[in-house]
Amino acid sequence: MWEGNQTEVKEFILRGLSINGGGQALLFTLFFVIYFLTLFGNISIIMLVWSNASLHKPMYFFLGNLSFVEIWYTTSTVPKMLSGFLSQDNRISFTGCFIQFFFLFTFGTTECFLLAVMGYDRYLAICQPLRYNILMSSRICSCLAAFCWIIGLLLSVVPVSLISQLPFCAENEVDHFLCDTGPLLELSCVRDFAIEVACSICTSSMLLITFSLTCISYIFIIHTTIRIPSSTGRRKAFSTCASHLTVVIMFFGCAMYMYVRPSGKHPLYFDKMVAVLYTIVTPLLNPVIYSLRNKEFIKAVKKVMKH
């Protein structure tokens, strides 16, 4: 055991993307615009789904939930990153760091389960069309969404509570733009194998389970779709899944590179770039991908614009 389980570190310094001079101002402008567009795009989706009766369907209900997750997922990191571009010394309190870590993990986990549920929804729509309205009733949709949120909150407690108990001594510079599992474990005075394994199992198993469930849904979807006799029918079936599949590949690809890999030294700068992709760029692209590839959604947008 560590002596009194006390930490001497009261705050951390986030080193961010480590670009000097005029590059900081350029990055601030870039990420501010991305953040603004992310908020605008995802809030627009939520408002459209809520206000348009033609979008009161399970697929759009889950899309609204996903957009709500994306808003807070990116908000857990970007404002602090932006403030870091404006200051020479980007400090964050010990408590603030773990609060950020908690929300980052919560919303990330919730998104993983939501994407798996959205895959299941597409499976039912294509493979079980006659029973779809029964199997995806409003009550079942609400229960599935609530499960995603609850499991996200519960699973985040494990790594946050374990890592926050580790002793942090002299070194307090986090070589990242956010507080995450890897950088925080690197800063600890003591390498605790049990905690590292527990955090790794929690994160990797969550990612692998949700990704596997999504893949299973798509295996059944592909099996059903290739048996559709008309090419128009096959194209229509695939088009309803294309947006979701694009988001799944982007999000899970980046997240699994970061969290489901052998331990050891990895290029820090590349890790930061991948983290930018799944915490900042993906939340921006989700509204674009879902809106541009969905005729029903485009129709709803045009209807609102006419008014």
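Glycine residues also receive a Cβ, built from the backbone N, Cα and C atoms like all the rest.
Feature annotation from TrEMBL assigns domain 'G-protein coupled receptors family 1 profile' to 41-290. Annotation comment: TrEMBL describes 25-48, 60-78, 98-120, 140-163, 193-221, 242-260, 272-292 as transmembrane segment.
Here the transmembrane segment (25-48) does not touch the transmembrane segment (242-260). Their Cβ atoms form fewer than 3 pairs under 8 Å, with each pair 6 or more residues apart.
The transmembrane segment (60-78) makes no contact with the transmembrane segment (193-221), as judged by fewer than three Cβ pairs under 8 Å among residues 6 or more apart in sequence.
Same-chain neighbours of the transmembrane segment (98-120): 59, 62-63, 65-66, 69-70, 72-73, 76-77, 80, 92, 144-145, 147-149, 151-153, 155-156, 159-160, 163-164, 178-181, 184, 206-207, 210-211, 213-214, 217-218, 244, 247-248, 251-252, 255, 279, counting only residues six or more beyond its ends whose CB sits under 8 Å from a CB of the stretch. Counting only same-chain residues 6+ beyond the ends of the transmembrane segment (140-163), those with a CB under 8 A from a CB of the stretch are 58, 61-62, 65, 98, 101-102, 105-110, 113-114, 117, 120, 181, 184-185, 188, 195, 198-199, 202-203, 206. With a threshold of 8 Å between CB atoms, the same-chain residues lying at least 6 positions outside the transmembrane segment (272-292) that come near it are 17, 31, 34-35, 37-38, 41-42, 44-45, 63, 66-67, 70-71, 73-74, 77-78, 104, 176-178, 180, 243, 246-247, 250-251, 254-255, 257-258, 298, 301. Tertiary neighbourhood of the transmembrane segment (242-260): same-chain residues 108, 111-112, 115, 118-119, 122, 181-182, 200, 203-204, 207-208, 210-211, 214, 218, 271, 274-275, 277-278, 282, 285-286, 289-290, 293-294, selected by CB-CB distance under 8 Å and a gap of 6+ residues from either end.
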